[in-house]
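Since the structure comes first, as structure tokens, the remarks are kept for the end.
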Amino acid sequence: MMASNVTNKTDPRSMNSRVFIGNLNTLVVKKTDVEAIFSKYGKIVGCSVHKGFAFVQFSNERTARTAVAGEDGRMIAGQVLDINLAAEPKANRSKTGVKRSAADMYGSSFDLEYDFPRDYYDSYSATRVPAPPPLARAVVPSKRQRVSGNASRRGKSGFNSKSGQRGGSSKSSRLKGDDLQAIKKELSQIKQRVDSLLENLERIERDQSKQDTKLDDDQSSVSLKKEETGVKLIEETGDSAEEGDLLDDDEQGEDTLEEIKDGDKETEEGEDEGDSANEEDS
């Protein structure tokens, strides 16, 4: 069961049993985490978490003091807690101390949390703590004046921020225009380079095609020349063969003529011999 959010009761009994937790990383630590940490000391009547600090309302003062003694200086979520009783702020600490009071650390939001007359709080804290009351009175008005001053500054800064935003938007639009012009220029340069590369490639292709056609023509001419030389060789060999045959035929004819002549001579000689023999017989 979750505790109540009410931690601003003005009766002294509630004040003595209320614990202030300062330097709290409220971005990480939630109300349930605070209740889980402090519930081990006793019953929690109320718990409220604000930006940077929190309050825990216990049922009695003894439990609250035990919780302060047990958790003061503990590190949670990367920050060292500054814990004290809400009725006993640490205004009496030395100026060189590490920890500060809640009013110094958190400004007017801490003071507004109590929601009771400032004179009563000052008198009560003066009776409980030996710290001089004028310090507490001097701190609070200065903080409140700073808040009002901050509000006026916020108004001025808001106007200035609007004008600054307008100026920034005009500068950004101008920068965007310059960037666009630069990009456009680079793109045009890239396009020119690509076009020149394409022209070079086309020229190379044309030259290569011309070389290929020339090689084809040379090869075809070489093949034609080879064919012509082959035909010539064949014709020459045929002519030489025919000439050889003719020569052979001529030689054979001459041989036959000589044989015929020799045969005629032999027949003539035989006739002469026969005639001479006949003459002798007669």
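Placement of Cβ uses the backbone N, Cα and C atoms for every residue, glycine included.
The motif 'Nuclear localization signal' annotation in Swiss-Prot falls on one of the ranges 141-147, 176-182, 190-196, namely 141-147. Sequence-remote contacts of a segment are chain residues at least 6 beyond its ends whose Cβ falls under 8 Å from one of its Cβ atoms, and the compositional bias 'Basic and acidic residues' (208-217) has none.
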